[in-house]
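Visitor: Got these off TrEMBL a minute ago, pasting:
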type	residues	note
TRANSMEM	D:88-108	transmembrane segment
TRANSMEM	D:120-136	transmembrane segment
DOMAIN	D:137-425	domain 'NADH:quinone oxidoreductase/Mrp antiporter transmembrane'
TRANSMEM	D:142-161	transmembrane segment
TRANSMEM	D:173-195	transmembrane segment
TRANSMEM	D:215-236	transmembrane segment
TRANSMEM	D:256-279	transmembrane segment
TRANSMEM	D:285-306	transmembrane segment
TRANSMEM	D:313-335	transmembrane segment
TRANSMEM	D:341-361	transmembrane segment
TRANSMEM	D:381-405	transmembrane segment
TRANSMEM	D:425-445	transmembrane segment
TRANSMEM	D:473-492	transmembrane segment
Amino acid sequence: MTTALFSVAGAVAVVAAVVVVVSRRIVHAALWLVLALGAVAGCFGALHAEFVALVQILVYVGAIVVLVLFALMLTKAPTNPLPEITSGRAPFAAAVAAVLALILGAGVVLAFGNEKIKPVTDGSATAVGTQVFKNWVLPFEVLSVLLLAALIGAIALSQRTESAQRKKED
Amino acid sequence: MPLVLPLLLAVVLFCIGVYGVLARRNVITMLMSFELMLNAVNLNLVAFDAWRVDEATGQTLAIFVITLAAAEIGLGLAIVLLLFRGHGHVDADAARDLLEHEEAS
Amino acid sequence: MIATVWRVAGVGFSLLILLFAALLHGATPDQYAFLNSQVGDLTIGFAVRNDDLTVLLLVVVGVIATCVQVYSLGYLHQRAASYHALVTLFTAAMVTVVISDSLFFLLIGWEVMGACSYLLIGHYWERRDARSGAVKAFLMTRFADVGFLFGIFVLGLGAHTFRISELDPARISPGVLTTGTLLLLVGVVGKSAQVPLQTWLPDAMPGPSPVSALIHAATMVAAGVFLIARMYNVFSAAETTLTVLAIIACVTMLFAALCASAAVEVKRVLAWSTVSQLAIMFSALSLGTADGRHAALFHLVTHAAFKGLLFLCAGVLLHQVGSAALVVLRRYTRRGKLRKALQVTFLTMTVGLAALAGVPGFAGFFSKDTVIEAAWEKAHDGSGVGWVVLVSVCLTAALTAFYCLRLWLWTFFRTPALAGGIGAFEDGDAAADLDDPDSSKLRDAPWVMLAPLVLLAVAAIALGYADGVHLNWAIGLISTALVLLGALPAYSLWRRGADPRPILLEREFGVDPAYHGLVVVPVKWLAKLTVAGDRDVIGAYVRAVGRTGMLASQGLRRLQTGNVQTYLTAAVIGVVALAVLAGVIGS
Amino acid sequence: MNAILLAILVLPLLAAGALWSIPAAIGDRLAAAYGSVISGLVLVGSVLLWPQNGGWFAYGPQDAPATEIDVAWIPSLGVRFHLGVDSISVPLIVLTALLTFLCCLYSLKITPRIGRTRSLIALLLVIEAGVIGTFSALDLVLFFVCFEIVLIPMWLVIDIWGDHHDPAGRKRAANTFVLMTVFGSALMLLGFLLVQRVAGTLDIVELTSSPVAGGHGIPLAAALLIAIGLAVKVPLWPLHIWLPDAHAKAPTVGSVLLAGVLLKLGTYGMIRILVPVLPDATATIAPYLGAFSTVAIVAGSLACLAQTDVKRLIAYSSVGHMGFIGLGISTLSPAGLRGALFANIAHGLITGLLFFLAGAIKDRHDTSDLRTIGRALYARLPRIAALLTFACLASLGLPGLAGFWGEMLVLLGAYHPAPWLPRTTFLVFMVIAGLGTVLTAAYFLRLVRNLCQGDPAENPPAAFAVDLSRIELVTWAPLITLTVLLGVWPGLLLQQWGAL
Amino acid sequence: MTLTLTWTDWQAIAVPLVLAIGAVAVLLVDSFWKSASAELRHTVVTLLTSVVILFGLVFVWAHRDDFKPAFCRPAVEGPAQCSLVFEPLTAGLWAVLLIGGLGVVGLSAYRLLAADVPIGEYHFLLLSALTGATVLAGARDLATLVIALEVVSLPSFAMVALRRDRRGSEGAMKAFLVSVLSTAVMLFGVSYLYGVTGSLYLSTIANRLTGLDPDLARVAFAAGLFVIVGFAFKIAAVPFHAWLPDTYVGAPIEVTTFLAVVSKSAGVAGLLVLVTSGIAPTGSQLRTAVAILAAVTMTVGNLAALRQVEAVRLLAWSSIGQVGFLLAPLAAGDAQAVVGYLAAYVVVTLGAFGAVAVVQRHRPGGLLTDYRGMVRSEPGLAAALIFFLVVLAGLPPGLAGLFTKFAAFQAVIDAHLGWLAIVMAVNVMIGLAVYLRWVAELFRLPADDPFSVDIETPAVTMISLCTAVAAVLSVLPSIMFALAT
């Protein structure tokens with residue numbers, strides 16, 4: 001049951017991801033990204049990591065993609081297809097990605113080919129919360145510094161410089 | 001469920017992300033590809049967590065990674081906007097102001 | 001001012017040598033070592049000794065040096081300071097050789113002589129022949145000295161001492177003895193201009209004549225004879241070496257005498273005669289007997305007197321006439337102008353040539369007879385070496401008489417066959433012989449130059465009797481006959497105004513061009529090759545490294561495209577490559 | 001004594017610092033006078049060290065150097081600040097101090113055209129300190145550090161004060177010099193570290209008393225690396241390629257110090273470190289070292305025969321002479337090693353003199369090209385030409401002058417090498433080296449013939465050509481005196497190394 | 001589910017905590033004190049930042065010999081698993097990082113920092129990054145390590161673009177993209193390491209890595225490689241270096257200094273922790289990989305620097321070369337040599353960038369030829385700069401550089417990496433050629449218009465301090481090597 005669910009979600013994720021990176025319309029790509037991320041969240045659910053799946057939907061779909069769309073808007077990204085979304089590098093990039101996939105895939109299959117995941121349901125928020133506050137206090141705190149720094153940094157960068165402001169006023 | 005299933009999915013997603021990063025010119029699309037790669041990471045973490053029957057260490061790290069991604073994308077988009085303000089576009093491979101000058105001699 | 005100081009110092013020093021010799025005369029033989037230091041288990045340092053040989057050579061050196069220094073006062077005015085200083089140093093170096101009891105001390109004198117001769121031969125450095133003659137003299141003797149040095153090593157390590165007086169042939173293994181003496185012989189051959197290292201001595205003639213006198217009579221070349229005499233116990237124990245020495249000596253004496261017969265310049269004739277006479281001394285030494293040594297030293301002394309005399313006479317000719325070439329001198333022979341103007345010179349030179357030729361009654365006659373006698377005795381004992389020496393010396397005696405008379409006649413006398421004489425020495429300008437040069441200013445040299453001549457002329461006669469006359473009449477007769485045998489053809493050729501010089505002899509057997517082709521040219525070629533190798537091979541590698549670095553730098557700059565996606569691609573490829581590479585290296 | 005040793009090391013450094021810290025406006029003359037005083041003091045100090053030193057500790061029965069300073073420096077790396085002198089280092093220290101002193105004295109009147117004498121003097125003092133440090137270092141790393149100290153100052157000396165006709169050339173020469181030497185010394189450092197890995201210490205005294213045994217494997221690798229590193233400095237053929245350019249382009253005082261002192265660092269290192277610390281491995285590489293040295297003798301001489309630049313010629317002659325020293329070391333015999341040590345000093349004196357003379361000739365003609373200078377120097381500059389002839393004779397190893405004894409002992413050593421070396425091979429080296437001396441004579445005579453002799457009519461004197469000046473006489477007199485003194489009394493030095 | 005922090009925990013995180021609090025305080029002071037003049041505000045901010053960092057230094061000095069494991073839990077097997085360990089090595093790394101930070105603060109004093117950089121945000125970001133750096137150096141689990149690395153990186157990129165101009169944004173963009181990719185790669189590696197070993201704690205991972213079956217070991221190797229590569233991006237090891245020159249040139253020079261000093265040191269510190277106490281035990285193939293990285297990095301960095309004509313770009317490439325030298329002892333696992341090298345590198349890089357900043361403020365071209373004749377016109381500055389360059393080259397009189405290189409050689413030789421030692425020897429030569437070009441320019445006389453200005457007092461102070469410290473380290477190099485023991 002979970003396997004089937006996982007397979008479906010996974011297939012959707014892969015298809016959506018491929019569209020994200022090949023779509024000629026950037027806004028479409030962003031929307032397909034929503035689908036891909038949602039599908040991954042589905043996969044999490046199938047693996048009984050419901051809390052992670054929830055956070056994934058909340059943070060990614062709810063926040064990150066919205067941010068991206070805003071950015072697209074602000075950078076006046078054209079909604080119509082672009083003539084040149086990829087450069088001549090694309091085939092080469094594809095080859096590199098394929099080789100990497102082959103190496104990694106082979107390694108993974110060789111290493112974990114016989115392992116099975118037993119369906120256990122401990123993906124509760126309680127377990128994760130316990131972990132965070134019992135064993136992972138330090139990274140959690142550091143993460144808060146990171147968020148703050150990133151926030152302030154983003155704000156600082158988004159402010160107009162005084163000279164630019166003056167130029168605008170002129 | 002075989003463990004390789006999520007792992008292979010992660011590999012595929014990761015490599016799609018790599019392809020996107022290397023091939024797409026638009027910085028925002030590149031950022032989206034990064035998100036795909038990070039999702040692959042999370043998939044791995046959750047899968048291993050489920051396999052290990054652990055104390056949800058993997059899931060915890062996955063949560064951290066999601067947060068980290070949010071921070072990254074926030075700052076990244078700020079930089080992208082700044083780039084757009086300066087250059088008028090957001091093409092990664094067209095921003096080449098900093099290319100060094102040829103030696104005079 | 002400085003020149004005067006050096007002049008006085010020079011004369012004073014040579015007189016000092018004589019005084020020193022007088023003081024040492026009769027003293028008991030003794031040695032004294034000083035400034036020694038240990039190197040490993042070897043002692044390296046200096047030592048002096050005195051014995052009869054030292055005193056004898058000191059006298060010879062002192063007399064000749066005094067004559068030369070005094071003579072030079074009148075002879076030389078250009079750059080006199082350095083000249084007298086060098087002559088003094090030259091003499092001092094010979095004295096070092098003579099008094100030394102340490103092989104290294106001896107070597108110092110030995111090579112300083114070489115250096116001084118180089119500088120003195122090159123005294124007229126404006127002249128091309130002087131420059132090249134000087135270089136040649138130094139390089140050939142230097143080459144020989146390397147052998148000498150190795151000889152010192154072999155003998156010194158073989159006997160575990162570098163003291164001459166401590167070299168005991170009985171304590172040295174025969175092989176080492178032979179090797180060592182042969183190597184020393186190389187040095188001797190070079191220094192005394194024996195075959196095959198003979199070519200430098202005739203070419204050293206552009207030097208000032210007094211220097212030639214010094215080199216040929218008392219220092220430099222005589223040092224070779226002295227050395228073998230000094231180390232006679234060692235040499236006489238090495239049979240092979242003596243045989244080699246005999247062969248070299250016999251070849252040299254004939255070779256040099258033949259060359260002398262064809263030379264057309266007074267000093268060159270004399271130079272070759274020196275080579276020849278030295279070879280006679282060596283042949284006497286090669287007999288390995290006490291008589292032989294005695295004969296050689298006797299000849300050395302008489303030779304010093306008459307050869308010094310002859311070179312000083314040639315110097316007068318050069319000084320007064322301006323040239324010592326037969327072709328020039330001949331022009332002054334009309335009505336005996338030359339011999340009348342330079343009367344003292346003529347007379348003393350006649351004495352000198354007579355002594356050289358071995359005319360009975362003169363010193364050379366007695367000393368040469370001593371050599372022949374020693375050879376005869378050795379030959380009588382059934383020694384092949386003795387026979388060879390005997391025959392060679394006899395032949396040489398005849399040849400010597402031939403070239404002496406030839407020189408004497410062509411220099412001072414007008415050939416009766418005037419017409420036939422034209423073209424005897426000139427190559428192209430036959431009529432030049434008929435020119436009558438302005439000889440009004442031709443007069444004899446000042447007394448400072450003539451006094452040494454007279455002194456040496458007296459010596460060239462008297463020394464023959466100094467040893468006490470104990471003449472073997474048979475040998476005396478034979479040698480007189482040989483002199484006549486040699487003199488007659490010279491006279492008859494001169495009468496006919498002919499001077500046939502076989503091309504082989506005139507070119508001195510082509511040794512010089514051969515050496516040039518075999519040594520000088522390849523060395524020059526190698527030198528060019530080395531420079532090219534440094535520049536185009538070793539240097540090229542170094543430059544290539546530098547250029548590679550620069551090119552690599554340039555290439556890396558190309559990779560820096562400014563395109564961030566190139567960077568990312570390179571990075572991802574780097575990851576894959578690193579994985580593969582580390583896997584390969586690790587396993 | 002320790003105080004003196006430390007003083008002669010630190011004084012030049014401090015003095016150089018002080019000289020730099022005063023304004024640039026200080027007169028050239030004053031700077032040179034200052035340098036002369038300082039280096040004179042160092043010279044006095046180094047001479048005072050002379051009588052106090054014991055024998056040659058390296059081969060003595062576990063005796064230590066008489067004068068030594070030993071403090072821990074970097075304990076975690078095993079590096080000590082260990083200085084000490086013995087009879088093989090003191091003569092070299094005195095030579096260094098003497099040449100530096102003479103260079104400073106010379107700069108009183110004669111300086112490179114570009115000026116900036118203050119900095120030049122300061123750099124000379126730094127070089128002096130570095131060289132003295134190398135000669136007195138008893139810790140491998142300290143040796144390495146001092147070995148490197150001289151590089152940048154020397155590089156600057158060549159790069160700034162070098163031949164002003166050829167800026168690109170002098171830059172290239174300076175760079176080649178410094179880069180090759182640095183590469184060599186880096187390899188040497190690797191060798192030192194291998195020694196440390198095997199022996200566990202970097203202290204030369206300890207290493208000498210308990211040397212690293214074994215002639216293959218890591219000791220051999222260490223010996224090879226050290227030998228190559230030092231050979232670059234010596235320089236041994238074919239690593240000599242930096243030398244002719246560096247000498248030809250360097251200013252006079254630079255050439256004098258470079259040839260007189262810096263080259264000795266390499267040979268000193270071989271005698272101080274290679275031979276006693278890695279005896280077995282050194283024996284393994286000795287025949288090769290000897291072979292390359294012999295080639296250096298011949299190749300250096302041959303190259304000299306075809307040179308047209310007087311400074312290059314003298315530079316190449318150094319290759320040949322250093323070849324003799326290398327050969328002496330490779331014989332591992334008492335005579336050979338002493339010969340090498342003696343030749344070190346003699347070469348320093350004679351080549352120093354030669355470079356002073358070449359500099360004098362170059363200054364007077366504004367070129368060092370033989371063809372441009374012309375001939376008949378005897379007529380134009382009789383005294384300088386005479387001194388040049390003297391120096392050439394000394395350099396070609398004329399017995400009775402200092403150059404002879406070193407070469408003689410080296411050849412003697414080659415005739416009788418250490419018993420564990422192949423004797424026949426060394427006999428061949430001896431013969432070739434002996435012929436090399438003839439070639440040496442040949443090129444020096446060629447130099448004299450092409451430069452000093454000649455027809456004065458065809459080579460008119462230049463208007464400004466002044467013969468020997470007083471400062472030149474004063475500067476060169478000590479070198480000449482010592483050359484003669486050591487020539488007639490080699491025991492002066494040989495006795496120092498006598499007690500085995 | 002109780003959050004309990006012991007006294008040891010508090011002590012161990014005291015420094016990062018104070019830094020973080022200081023960061024916020026600085027931001028608040030700047031934001032809510034708009035009335036003050038720019039100079040006063042800048043000075044107060046600088047002082048506040050310095051005090052915070054100085055506190056860290058004092059703390060480190062006071063506890064230099066302590067061993068404080070923090071955020072621990074008992075492990076199933078082996079020793080306790082801790083997230084952060086304060087030990088002598090940590091103290092040494094923190095000292096280096098904090099000194100670097102302090103130096104950057106000093107070089108960013110009033111009138112030195114570009115006027116269009118907002119000072120509150122600048123110092124906030126600087127302190128945040130420093131917080132991350134300190135945590136990174138003490139981190140002993142992969143989660144902390146990764147997040148701390150991000151805390152170092154993200155503020156740095158923000159700082160690069162803080163001038164909000166074309167060049168800065170381009171530089172930031174390049175650095176950011178590379179960094180994000182590296183984070184993704186590293187996290188991918190972390191996820192596999194977790195999968196293979198089931199733990200994120202370095203000590204546990206190290207335990208479990210031994211005795212894996214070959215298939216898993218292969219995955220573990222790839223994972224470890226990914227993690228190392230993540231750090232290699234941050235420290236700009238070749239071939240992950242290409243962003244660095246562009247970013248260095250694009251950023252304000254003070255930020256470039258920060259990147260070269262703090263950011264890079266933090267990366268090295270993290271890698272050191274990772275390699276020595278975690279994923280790459282002695283004999284691991286990963287060390288070989290690091291050695292290869294070291295060889296390639298130093299060669300490429302030095303070679304590329306050989307022909308640069310701009311001062312900053314030359315320093316950028318040479319810093320890549322220096323990282324190669326840092327990686328060499330790291331591959332040998334010699335923490336002492338790494339920390340010593342880092343210390344010398346930090347001090348002289350600070351000084352060199354300080355000197356370059358002085359020149360660049362007056363001659364924006366930034367070409368090497370601008371330095372022509374400086375020994376005569378600005379002898380003090382020139383002498384300092386020459387000293388720094390010589391230390392970087394590792395030649396006397398820069399003994400600090402020489403001995404750190406020596407220690408690196410020693411480490412490599414002791415680890416039997418002969419080939420790497422030879423590569424290093426070659427690179428010593430190339431590196432020297434790089435720096436000598438610059439030194440030659442300084443000495444070249446006469447120049448038509450030699451550089452000569454009144455140098456700002458804080459710059460003089462900072463450069464003098466760096467010179468003094470480098471000189472002391474040259475005379476007493478044992479100080480550097482005592483940092484990590």
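Using N, Cα and C of the backbone, Cβ positions are placed for all residues, glycine too.
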Visitor: For the transmembrane segment (D:285-306), give me same-chain residues lying six or more residues beyond its boundaries with a C-beta closer than 8 angstroms to one of its C-beta atoms, as numbers and ranges.
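Guide: Contacts of the transmembrane segment (D:285-306) (Cβ under 8 Å, skipping residues fewer than 6 from its ends): 220, 223-224, 227, 231, 236-238, 240, 244, 313, 316-327, 329-332, 414, 417-418, 421-422, 425-426, 429, 432-433, 435-436, 439-440, 442-443, 446.
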Visitor: Count the CB pairs under 8 A between the transmembrane segment (D:88-108) and each of D:120-136, D:142-161, D:215-236, D:381-405, then give me the winner.
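Guide: Maximum Cβ contact count belongs to D:120-136.
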Visitor: Taking the transmembrane segment (D:425-445) as the reference, which of D:120-136, D:215-236, D:256-279, D:341-361, D:381-405 gives the largest number of Cβ pairs under 8 angstroms?
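Guide: It is D:381-405 that shares the most Cβ pairs under 8 Å with the transmembrane segment (D:425-445).
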Visitor: Same chain only, please: residues at least 6 beyond the ends of the transmembrane segment (D:313-335) with a C-beta under 8 Å from a C-beta of the stretch. Say none if there are none.
Guide: 231, 234-237, 240, 243-244, 246-248, 255, 259, 263, 266-267, 270-271, 274-275, 282-283, 286-287, 289-290, 292-301, 303-304, 307, 343-344, 347, 351, 354-355, 358, 370, 395, 403, 406-407, 409-410, 412-414, 416-418, 420-421, 426, 429, 433, 436, 439-440, 443-444, 447, 500
Visitor: How about long-range neighbours of the transmembrane segment (D:381-405): same chain, 6 or more residues beyond its ends, C-beta under 8 Å?
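Guide: For the transmembrane segment (D:381-405), the nonlocal Cβ contacts are 317, 321, 339, 342-343, 345-347, 349-351, 353-354, 357, 360-361, 364, 437, 440-441, 444-445, 447-448, 451-452, 465, 467-468, 472, 476, 480, 482-488, 490, 494.
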Visitor: In the same chain, who gets a Cβ under 8 Å from the transmembrane segment (D:142-161) while lying at least 6 residues past its ends?
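Guide: Result: 73, 79-83, 112, 114, 116, 119-120, 123-124, 126-127, 129-131, 133-134, 170-171, 173-175, 177-178, 181-182, 185, 188-189, 192, 204, 233, 246, 249-251, 253-254, 257-258, 262, 265, 269, 272-273.
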Visitor: The transmembrane segment (D:256-279): which same-chain residues, six or more beyond its ends, come within Cβ distance under 8 Å?
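Guide: Residues packing against the transmembrane segment (D:256-279) from afar: 58-59, 88-89, 92, 95-96, 99-100, 102-103, 124, 127, 131, 134-135, 140, 143, 147, 150, 154, 157, 188, 195, 204, 207-208, 211-213, 219, 222-223, 226-227, 230-236, 246-247, 250, 314-315, 318, 322, 325-326, 329, 332, 337, 340-341, 344, 347-349, 351-352, 355-356, 359.
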